[in-house]
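Quick one: structure below, then a few questions.
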Amino acid sequence: MRHPFKVVVVTGVPGVGKTTVIKELQGLAEKEGVKLHIVNFGSFMLDTAVKLGLVEDRDKIRTLPLRRQLELQREAAKRIVAEASKALGGDGVLIIDTHALVKTVAGYWPGLPKHVLDELKPDMIAVVEASPEEVAARQARDTTRYRVDIGGVEGVKRLMENARAASIASAIQYASTVAIVENREGEAAKAAEELLRLIKNL
């Protein structure tokens, strides 16, 4: 039911700041002697997609045909576990930066369906949240990413509600805990402290 190492899936809608929280978490964990191996699920999908000549950047992955995304998703999960097994052995925590729900050209798509969960076997699914207004503002400021299709404050609000529900639905399959971590503006370090506290209690 579980890997020798602990698995924590950190989710959040685009622009919520989960990657920033994870970076803060890494620094805190190092200070406290907690061994982490951090991966970005999208990077693993992108690597395979680029090699196959399907896309040039990660924001284009969600525009691919759904069945193609499914293949990339399955391959990413397998590669992540293989890498973590080598890096962590039987000790430490695998942190996976990903989305519980992705807005695609064919509708909302689960980031943590059964075939992915069967590979990852998460101990915890952490949902990083902020107010929809803050998230929409962060999206607007980030000119390095294409997020126009998310849909402004109302679009963010709907996506956040559905993503939280998707996280809980995914957690049921593996009896994973679900943790809601608030990432208020300028308080990523505080969010990381809370996340580390929860991880240490697993």
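Using N, Cα and C of the backbone, Cβ positions are placed for all residues, glycine too.
So Swiss-Prot lists the following for this protein:
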- Gly12, Val13, Pro14, Gly15, Val16, Gly17, Lys18, Thr19, Thr20: ATP binding site (BINDING)
Could you say whether, by DSSP, Val16 (ATP binding site) belongs to a helix, a strand or a coil region?
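Where Val16 (ATP binding site) sits, the three-state DSSP reduction gives coil.
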Would you please pick out, from the binding-site residues Gly12, Pro14, the one with the fewest other Cβ atoms within 10 Å of its Cβ?
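Counting other Cβ atoms within 10 Å of each of the binding-site residues Gly12, Pro14, the minimum falls on Pro14.
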Within 8 Å of the Cβ centroid of the ATP site residues Gly12, Val13, Pro14, Gly15, Val16, Gly17, Lys18, Thr19, Thr20, which other residues of the same chain have their Cβ?
Val21, Val128, Ala130, Val135, Arg138, Asn183
So what sits near Val16 (ATP binding site) in its own chain, CB-to-CB under 8 Å and at least six residues off in sequence?
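Val16 (ATP binding site) has long-range Cβ partners Val128, Glu129, Ala130, Val135, Arg138, Met160, Asn183.
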Run through the Cβ atoms and count how many others sit within 10 Å of the one on Lys18 (ATP binding site).
27
Near Thr20 (ATP binding site), how many other Cβ atoms are within 10 Å of its Cβ?
16
